[in-house]
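See below for the structure under consideration.
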Amino acid sequence: MTIDNKQLLMFDFDGTLINSVPDLAAATNEMLQQLGREPYPLSTIEGWIGNGSRMLVARALSGERIVSETLAPSEIDDAEAIFLEVYAAHDVSQTTAYPDVDTGLAQLKQAGYTLALVTNKPIRFVPHILEALGWQAHFSVVMGGDSLPQKKPDPAPLHHVCETLQISADKALMIGDSVNDILAGQRAGVDTVGVTYGYNYGQPISESQPTYVFDSFAKLTAWLLSDDLIL
Ligand SMILES: O=C(O)COP(=O)(O)O
Ligand SMILES: [Mg+2]
């Protein structure tokens, strides 16, 4: 398996570069507690991550992934305000990089790839987390879930990155743990890489038929560095 002609690596964040579940779950449960509700186990909350903070909050209020139709928007607004405040204070308290991501990103950048970040997480949190991990200089463009009206699985954020950097879709890869990343890539005409160690609502990423699948960041990095055509 070789890769040629790729210049731009668009990375998902949560579940791909960072394991953010402990902080997201803690903020979700703190919000529920403030609302007088019962907390949920971390493994349950993990299955609600992937469509941004507001959807996580709506799922937590519903107690399941399918959001309750009786949930009023104002109820979500109020709960979301609590969640955002709590998470802002603890967005990188227990969050860690997955193994070999730190060195891998530096090697990929060094090798000449252009790196971009395309997350569904609200953009306000992203600079702080990148700074805490020492990654702020790696990414040429950073897109949050609210940077545009559309978020993944809509291809708009990926189109935006390609247009901003003037790199065509066929020279890009979208790398993520979730069906939302793979669908966004497929819709943008971008080859996709699924990583198996993330969240994806507990489903195997292979079901989304990404172009390539890797079970570790180290293997992904080695593959991306294995072809000298990248420079
Ligand atoms: O905030 C989320 O729901 C997940 O964000 P991600 O797109 O970085 O996986
Ligand atoms: Mg993800």
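Using the three backbone atoms N, Cα and C, a Cβ is placed for every residue, glycine included.
Asp177 is the residue from Asp154, Asp170, Asp177 that TrEMBL records in the Mg(2+) site together with Asp12, Asp14. In sequence order, Phe13, Gly15, Thr16, Leu17, Gly50, Thr119, Gly176, Ser178, Asp181, Val195, Gly198, Tyr199 are the residues of the same chain, not among Asp12, Asp14, Asp177, whose CB sits within 8 A of the CB centroid for the Mg(2+) site. Ranked by Cβ neighbours within 10 A across all protein chains shown, the recorded positions Asp12, Asp177 are led by Asp12. Note on Asp14 (Mg(2+) binding site): other Cβ atoms within 10 Å of its Cβ, all shown chains, come to 23.
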